Amino acid sequence: METIHGPDIMSHSFDSLLMIIVDDAGGVLPAINHSPWDGVTLADFVFPFFLFMVGVSIGLAYKKLPSKLSATRKAIFRALKLVAIGLFVQGGFLHGVNDLSYGVDINKIRWMGVLQRIAITYLVTALCEIWLKGEEDPTTELVSLFSKYKIQWVLTFIITTIYLALLYGLYIPDWEFQVPSTVANSSAPITFSVKCSIRGDTSPACNAVGMIDRKVLGINHMYRRPIYIRTEQCSTKSPDYGPLPLDAPSWCQAPFDPEGLLSSMMAIVTTLIGLHFGHIIVHYKDHNVRVARWSITASGLLIKGLILNFSGIALNKALYSLSYTCVTAGVGGILFAAVYLLVDVYEYRRPTIVLEWVGAHALKIYVIVACNIWLLILQGFYSEEPGNNIMRLIGATK
């Protein structure tokens, strides 16, 4: 029997390991930490790769559907489960390393997060695969494959068009936010004003992604340690975290969610591109044909993304820009084809047993390791006082 899950599991394993490396070592090595705003680093490829592989997996999982309604119910349940876990581990309920307290003010809970974005992209892509594909069996002709999934491609185009229209078409007014006072015995928050009055801007302060999240989610429900705090305007140690410069603009302290609503639209596009790669596995059995079609698609995306970047649409993870979508999906497709050649064509599997196990449990590993759940559990065992815990004993925390 032909193995079609090898590259899927292996690519998930690479993503999981990269997530762990980036989360644990990114603060020590800024070069592999996320880019403060425009541009990309190694860390900025990890999450799109994961979403790309979610799309590939959906293409394989839903190739035969005994019941569309049953598959829809299961997809909704899985998405809701991911949202619930995401709210628990990233919504503010857990207070982080070195703090054994827990609980979150519902008026300040963070609604969006990594797992919530995975849930959104998974659900939309799964519903597309369940309900929006033709019944005919494609032949070896590309036009036939496109014909079967043309509604999905039209939806991908519509999502991208809406994203671009909102990002560059919405007017961004001036806005305000509050931060707790640092003055002793003062409970009154400090109010900051951000001057925008602009349309089509993609700077940290005045972009449509942040404005939509402030209007829909509420500024108190957004991520309070935004990535742009590491820009030169906001950090004396840029591109690392550091003290605010004396002339730092007011927006440096404003919340911004890297997994916001508008940017999640392009995350859906990444997953839909991965779905197309899964379709190629399902409908083409020859190794050379698969690799050729993947390579052509991935190279086209990569070239298009680079052209867009040099044309003014900068690579930007926080905004999930069109150029960023194309480049990360293109590189993801090339990596996927390379892993497929290594594992399925040349059958180089023995050294990859551990990686296959990691790939099969990618989400669990992400939650336990990258979200610091394992640290919080180990810190729960202490002697006499919370500070005397296992993690301090081995020197992992202060």
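Cβ atoms are placed via backbone N, Cα and C, with glycine included.
A TrEMBL annotation is a machine prediction, not a hand-curated record.
Feature list (source: TrEMBL):
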TRANSMEM  45-63  transmembrane segment
TRANSMEM  75-94  transmembrane segment
TRANSMEM  114-132  transmembrane segment
TRANSMEM  153-172  transmembrane segment
TRANSMEM  261-282  transmembrane segment
TRANSMEM  294-315  transmembrane segment
TRANSMEM  321-343  transmembrane segment
TRANSMEM  363-382  transmembrane segment
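Tertiary proximity for the transmembrane segment (294-315) is limited to same-chain residues at least six positions away from its ends with a CB under 8 Å from its CB atoms, namely 35, 38-40, 44, 202, 273, 276-277, 280, 321-334, 336-337, 340. Long-range neighbours of the transmembrane segment (114-132) within the same chain, counting only residues 6 or more positions beyond its ends whose Cβ lies under 8 Å from a Cβ of the stretch, are 47, 50-51, 54-55, 58-59, 62, 65, 68, 71-72, 75-76, 78-80, 82-83, 85-87, 89-90, 149, 151-152, 155, 259, 264, 267-268, 270-272, 274-275, 363, 366-367.
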